[in-house]
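Undergrad: The transmembrane segment annotation in TrEMBL covers B:19-41, B:75-100, B:121-144, B:156-177, B:189-212, B:232-250, B:288-310, B:336-358, B:387-409, B:421-441, B:453-476, B:496-514.
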Amino acid sequence: MSAAVRVDGLVKTFGRTRALDGLDLTVTAGEVHGFLGPNGAGKTTTIRVLLGQVRADGGRVELLGGDPWQDAVELHRRLAYVPGDVTLWPSLTGGEVIDLLGRLRGGLDPGRRAELLERFELDPRKKCRTYSKGNRQKVALVAAFASDVELLVLDEPTSGLDPLMETLFNECVLEEKRRGRTVLLSSHILSEVEALCDRVSIIRAGRTVESGSLADLRQLTRTTVRAELIGPAPQLAALPGVHDLAVSDGRLSCQVDGDALTPVLAELARVGVRALTTQPPTLEELFLRHYTGATR
Amino acid sequence: MTGTATLIRLIVRRDRVPLLVWIAISAVLPAGIASGTTALYPDQAARDAFATESLGSPAQLATRGPIYAASVGGLTAWTLGSSLALIGGLISILLVIRHTRGEEETGRRELLSAGVVGRHAPLAAALAVVCTANLLLGLLAVPALVASGLPAGSSLLFGLSTAAGGWAFAAVAAVTAQLTAASGPARGIAIATGGLLYALRSLADTGGAAWLAWLSPFGWVRLTKPYAGDRWWVLGLVAVFVAALTAAAFRLSTRRDVAGGLVPTRPGPDTGALSGAFGLAARLHRGALVGFTTGFGLMGALLGVAARGLDAQLDTPRFRELATTIAGADARVSDVFFTFVMYVLSQLVAAAALVSALRARGEEAVGRAELLLSTPVGRLRWGLSHLVFALVSPVLLLTVLGAAAGLGYDGDIARVTAATLAHLPAVWTVVGIAALLFGVLPRAAVAVSWTALGLFLLVDLLAEFKLASGFVLALSPFTHVPAVLLGGASAPVAPLLWLTAVAGTLTAVGLVLLRRRDLAPAT
């Protein structure tokens, strides 16, 4: 599979602020890639570099096989972008904006446009001035989904949508995926990421801290193990990958690294347990750990 | 009204720099002009001569009105009375709209209204700040005027008259801000109202019916007659005008929704025919272009008709002498008048062109450029799509102005239009400066471009008072424009060529740099 986006060691500074500090990102063609990170981590700056709106200060950036700064116009024929904070021309109607963006990207599928308008329950005759944030987002989403492009770049596209519309958005992204399109999705909504993304990259303070499939990421984190013991306390403290071990009144709890689970279970089996629960990390824990920057 | 105090602090915090600059310049200028007058016309005989000469010029009467007393104070009040009211009025309109309708349009008002902020607080806060600023600049001018030897009471009246100009148009803007959902039209209606009231005063002072001046705030700020009888009661008219309009604005604001206008927004087409970046730009510039064209057309027609009768009326020995020194023995006095008025109007055309030139920056600041440039529209194409309108709009405006004026004047449309179009390269230079700044310093482009135009106006004002010469004078592109009406076919063409070259170079460099810089949204 070829890469739709390949970013190596990307650096971008604004004055003294180092917004991107050696960021890596690879999006394989045909996948939905989640792009995650706390506010101010550099997600939007990365997207602006990918769109050729700001110039990289260092590192290598490749978009659809081209240089996003040099070949911006050519590359933009093959992608559609939905910004996180959509501002539209107040005197134009939603329909006019959709058609303008579509025509610029090389034409819209009128059937798909009509279908999307209906599904998103958007009135295209209203002036953009009167649209709410959610409705402005719908305008940009309809224009993007109805365009014939290879890559969709979506920057927190559902931040203004209600839960029903979020579900609809998820359906649309999966449809796009089935059509073979690549999606780069910056998001904060974990259910959305879990439902849609093949792989995710988590960034913090301008660097990539984790990248892989959700299963991979789970593997890298700790499982909570609780047991009621029959016999004496097992010798767990000496095993590698065991953390926060606590034993009292025959009850044991600890956190175990994903790759250290087998020896822990063997030791528990040796001393004997009356009850055993293991709890995989939730997505929330996964992200919180990276967002807050706690050591593994 | 709850929350007004907090909102006042917010407005002052956001606009502290422009507010300070405006107040400082307006407060210092009167004393400067007073000492300039003392230096240039040291004795009463010199001042009398100057006053007689100026009163003979309809151009002076049109822009500044009559001289009520040929004293240092009287001449200072005459020189600045209308200009300060015009500048103060314009700035007051811009500020009031920015902090009322502008805030609603961007949605920031919603955020504030959800807090403990009364329904009337935003308008009250905007008016409080703007009116206080006007009062301050008026009062601060007083000590310096007194220090330069002018009577304290009259100086106070002059300061308050200056403030009154700003107050009147702050109140006008408070009303227009209630009318439309967009801030552009609200601003446009307020400025057009100001233009109309200024024209009314001009008409009254150039030999029309003198009573017309009593219908315009621009008339009132002169009719207080500081240093020439001190009619304090005229300020009462301003107070009534301001109180009535302010009350109307508050009443209107209770009859509409937040972010809505009294004029409802109608639904539009569900499909669009905009063909691309240029189509979009045409749509965005259309309204302003039509408005400005109509305005300058009307202004030209008015001027032409007014100038027609001037030859006979102006054939006074004094003005004949003035015309001869400027343009030679065989010049028509009305041509001299026209030349002066065109000079002033070309700077207004430059302001209109600047609005167009800076629109691209506005698009970038609010984030709309980001969306547009994510499509296959290149930077150059996008920048050009807006700059083309900034370059074409002065062609249109100057042509319409010249044609309408020529038609009303002597029917020789070609000659008068040639005279107005001679200002085109100077206006283009202003556009070029904006284009260059847009390419280099996007975040400062708006402020610095307007400051540059303001400085050109200042240079012209100083030149008139012989306080600037040579090098400083040469800095303003407008001083290089040949007077076509006076020179006939022999008017020098060289300045037109090199000004055009300068404008072209600035624009081209700006566009090249635009391609190389990062996009810089305001947030």
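If you go along the chain as it appears here, the first residue is 1 and each next one adds 1.
A Cβ is built for glycine as well, from the same backbone N, Cα and C atoms used for every other residue.
Automatic, uncurated: that is what TrEMBL annotation is.
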Undergrad: Checking distant contacts: for the transmembrane segment (B:232-250), what same-chain residues at least six beyond its ends satisfy Cβ-Cβ under 8 A?
TA: 120, 123, 127, 157, 160-161, 164, 167-168, 170-172, 174-175, 177-178, 214, 217, 220-221, 223-225
Undergrad: Six or more residues out from either end of the transmembrane segment (B:496-514), which same-chain residues have a Cβ under 8 Å from its Cβ atoms?
TA: 379-380, 383-384, 387, 391, 422, 424-426, 428-429, 431-440, 477, 480-482
Undergrad: Any contact between the transmembrane segment (B:288-310) and the transmembrane segment (B:387-409), i.e. 3 or more CB pairs below 8 Å with pairs at least 6 residues apart?
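TA: These two segments touch.
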Undergrad: Relative to the transmembrane segment (B:156-177), which of B:19-41, B:189-212, B:336-358, B:387-409 accounts for the most Cβ pairs at distances under 8 Å?
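TA: When the Cβ pairs under 8 Å are tallied, B:189-212 comes out ahead.
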Undergrad: Below 8 angstroms Cβ to Cβ, which residues of this chain, lying six or more residues outside the transmembrane segment (B:336-358), approach it?
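TA: Those are 57-59, 62-63, 285, 288-289, 292, 296, 299, 303, 307, 310, 314, 322-323, 326-327, 386-387, 389-391, 393-394, 397-398, 401, 405, 409, 416, 419-420, 423, 426-428, 430-431, 434-435, 438, 445-446, 449-450, 453, 456-457, 460, 478, 481, 483, 485-486, in sequence order.
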Undergrad: Below 8 angstroms Cβ to Cβ, which residues of this chain, lying six or more residues outside the transmembrane segment (B:19-41), approach it?
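TA: Same-chain contacts beyond the flanks: 12, 47, 49-50, 72-73, 75-76, 79-80, 84, 87-88, 91, 129, 133, 136-137, 140-141, 144-145, 147-150, 158-159, 162, 465-467.
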